[in-house]
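Written below as structure tokens is the structure these notes are about.
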């Protein structure tokens, strides 16, 4: 593609000024509207509290459970399980993806077996995990680790395999060692794909934990929800669902902030072209 | 190792399976010479350049730098490719010093950015630059660590005529200043005639013919005559009598 340019120095592009606008509020518009309509429907008696308690009742329940210490205790145990499971599973996925991406021998040896295991739904392993490990912490953490390992593995593996060969050749023309080639070219080039895997794994992490805590736990948000169901405590059931939604959103924001931190070069403008 | 190595292409050849990309090529490149390799696509120009760079292993023959192999000599060879091949996650300055970010490398990088007139862009990322600016950064990067041999693999092929002309002048100025031994692969016979001290026509998988560059490269008439002779050799097999 031909581009018309001048060799004379031109001023670098000016940074864009940011201002708050209506666009900034748009992502929150629908959630806010849903809560307002929900509250109005409950207050006007259109919505039976037996079907769906009002947001205000759910909020009051949340405050009450926070004051008793039940909510913070269960939230912290769920966060602990989720984080540890992700670190173990994501770490293993990254190491395997790195090994198989960098070495043809490792790829031939491991990839086919990993792909076979990957196709087994990890939630189908719950009965087996309970039989092996009971309903203690290691069972739930293992399930989260298994669930989060594969998205990180597959994205790390593909990220490394799909690095632009021209960049690798450029590195070789500068006599980079294999280690330098990985550090300076392969890893940074694969990073966007690795982060896609991490973001996907965060979603899997919560799904797995909800199921694991609902089926076999005596603590955690999932346990709180199941327990509330037994006592027909609709406020707490809804509260747990809302908490999962908030935790999921926070996880997504964390993943996005990693992308902003490490991949800012992708979004910087082409304003000079 | 002297600062200006003589390069000897010694009966070099390259096969890809049953296909011969390069038959038997032998010639010398004088220290500080600017040599152009021209010819039709598939003539083996880029293959030869890649073997000189050490990016391909010859099937037969060898490339020598002052009578030593590339591994034995301390020659610093740099390649500038048709694509800029800049690392998109690094700033322009870091792209130049990507091997090592120490203070000495950073200082050298700043000097070279000044040389290619891009001082203001040091902290920009490649996707904020135009095609011509990216190739100037690639040229500056190729000049890091004081190379003695500069290999240019059609680096100006994707640029518009005006930018291309200005880049030719920039490369010529730098190569003369730094007395680099330079090999340029190009499809453009006018570019070859204008820039090179000597032009080698690659045809029939070998170095088919050679031409001297014009006595005065600023004389468009002389450049045109040399370009015509080169074109005749490529298209009509007309080789000048030695």
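Yeah, the Cβs are placed from backbone N, Cα and C, and that goes for glycine too.
As recorded in TrEMBL, the features of this protein are as follows:
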- A:20-40: transmembrane segment (TRANSMEM)
- A:71-255: domain 'ABC transmembrane type-1' (DOMAIN)
- A:79-99: transmembrane segment (TRANSMEM)
- A:119-135: transmembrane segment (TRANSMEM)
- A:141-160: transmembrane segment (TRANSMEM)
- A:231-247: transmembrane segment (TRANSMEM)
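Where the transmembrane segment (A:119-135) meets the stretches A:79-99, A:141-160, A:231-247, the count of C-beta pairs under 8 angstroms peaks at A:141-160. In this chain, the transmembrane segment (A:231-247) does not touch the transmembrane segment (A:141-160); fewer than three CB pairs sit within less than 8 A of each other, excluding pairs fewer than 6 residues apart. Here the transmembrane segment (A:79-99) has long-range neighbours at 106, 110, 114, 137, 140-157, 159-160, 194, 197-198, 201-202, 205-206, 208-209, 212-213, 220, 247, meaning same-chain residues at least 6 beyond its ends whose C-beta is under 8 angstroms from one of its own.
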